[in-house]
Amino acid sequence: MTDGPRAAAPRFFPQHARHLLGLQGMHPTRIEPFLDLAESYALMSRSRKTPRDRLLGRTVINLFFEDSTRTRTSFELAAKRLGADVINMTVASSSVNKGETLLDTAATLNAMRTDLLVVRHSQSGAPALLARKVEASVVNAGDGTHEHPTQALLDALTIRRHFGTLHGLTVAICGDVSHSRVARSNIHLLTAMGARVRVVGPPTLIPGAIGALGVDVHYTMEDGLRDVDVVMMLRMQRERMSGGQVPSAREYFRFYGLDRKRLAVARPGALVMHPGPMNRGVEIDSRVADSDQSVIREQVEMGVAVRMAVLDLLSRAGDQS
């Protein structure tokens, strides 16, 4: 990858070749080559041989309207490993906090001649709106309860590294599905790749129409985790909840927390995943989070590799447009 001319960018993101806004509708024949590229970046990162000229002279702006140290840092590290100049903008330090509209921000960023724009926003659809207004390529780093595509891609890469494929696996996504953009992106990707997906949680945190996405719904952990290959726990997002959806953190853990007893009904060696940040003692027991079955730290590592691949491909797509 580090030698010779740069190849034309494969169109892994069919709806918006220059942007990554979501995973709905992405075809498996596009996902597998992307995961291959991300895997190569993971191997290069481990050997400290990343192509630092890949984004040389390019500017990446991380525009985060919501706090997220983990995701922002992952994108920043990915961009720097490819040689890009990186600027981090947060609401607290931007003109948005002084009344500037999103469209005003788009006009300002256009004037700056930004190459790649990584956006996190509390409102679903905000990255898509920016993508229509800016010349830069836009990456959705999480928008409201809509999607978080790079999280699902890194989850898929992590799973594939252990099983070799996603096809035929059974994955349980457990917890606060209603407020989770991670759950939605994973459902789109996993079902497209031939995995069977279950969603597990209290009725108050499972959307009524979720079955239309091709998933099975379970309201007890014992039923939902039986014979699954992967257990993906979700954070309880109290900041997005209305009152009364969950009685208390203690009650939630009592019925829906992942402990060793509940994990025992999954297949032997089932992977334990979590997008972070974890609430230990709420959705997951520390002994499970830190066990040999946990791949939570590996997810973080794969996140940098996936985001390197995304930034690389979108920069090449921008060259062709």
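The backbone N, Cα and C atoms fix where each Cβ goes, glycine too.
The feature carbamoyl phosphate binding site is assigned by Swiss-Prot to ARG70, THR71, ARG120, HIS148, GLN151, GLY276, PRO277, with sequence analysis given as support. The L-aspartate binding site feature in Swiss-Prot is assigned to LYS98, ARG181, ARG235; the stated evidence is sequence analysis.
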CB contacts for ARG120 (carbamoyl phosphate binding site) [other CB atoms within 10 A, all chains]: 25
Sparsest Cβ surroundings (other CB atoms within 10 Å) among the binding-site residues ARG70, HIS148, ARG181, ARG235: ARG70
Rounded to the nearest Å - Cα separation of GLN151 (carbamoyl phosphate binding site) and ARG181 (L-aspartate binding site): 9
Output field, carbamoyl phosphate shell: CB within 8 Å of site CB centroid, site ARG70, THR71, ARG120, HIS148, GLN151, GLY276, PRO277 dropped: SER68, SER74, ALA141, GLY142, VAL182, PRO275
Pairwise Cα distance maximum in Å, carbamoyl phosphate-binding residues per record: ARG70, THR71, ARG120, HIS148, GLN151, GLY276, PRO277: 16
Under 8 Å by Cβ from PRO277 (carbamoyl phosphate binding site), counting only residues of that chain that are 6 or more apart: ARG70, ARG235
Length of the line joining the Cα atoms of ARG181 (L-aspartate binding site) and HIS148 (carbamoyl phosphate binding site), in Å: 5
Tertiary neighbours of GLY276 (carbamoyl phosphate binding site) (same chain, Cβ under 8 Å, six or more apart): ARG70, ARG235, ILE296, GLN299, VAL300
List of residues, in chain order, with Cβ under 8 A from that of THR71 (carbamoyl phosphate binding site) and at least 6 apart: PHE64, ARG120, ALA141, GLY142, THR150, GLN151, GLY303
